[in-house]
Amino acid sequence: MLIGVGTDIVQISRIEKILHLYPELFAKKILTSKELKQFALLGKINHAAFLAKRFAAKEAVSKAFGVGIGQGINFKDITILNNDLGKPIVEVSSNYTNKLSPFNIHLSLADDYPVCVAFAVIESSYNVIRG
């Protein structure tokens, strides 16, 4: 059963400006500890695109849950990782989402400077039969 769909688009140049002003603060506000480890391994040239994609992904996932960031789900509640083939994997830890468990999140990310986009689909793991 479909729970929701969310999308977000981010100007990478906007993130570059924020990083110039607040190089570490912004990353620590948006990224979880697992994501910060990945971020630290990147060259600075890739930081803005990485952060822009994570920002867009977290916004898209929160919208798919029907709430948006700060309305039951925060940036630190959502972790975006990648499998061995590069496919984005989403981990969510929030009291808001506990009532929806179990669920699957499908996420697609794309970037082509100066923008990146994220598209999320959330479905319940239960099959609901309506009569």
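Cβ coordinates are placed from backbone N, Cα and C, and glycine is handled just like the others.
Summarising the annotation, Swiss-Prot assigns Mg(2+) binding site to ASP8, GLU59 and lists sequence analysis as the type of evidence.
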In sequence order, which same-chain residues at least six apart have a C-beta under 8 angstroms from ASP8 (Mg(2+) binding site)?
PHE55, ALA56, ALA57, GLU59, ALA60, LYS63, VAL117, ALA118
Suppose we draw a 10 Å sphere around the Cβ of GLU59 (Mg(2+) binding site). How many other Cβ atoms does it contain, all chains included?
21
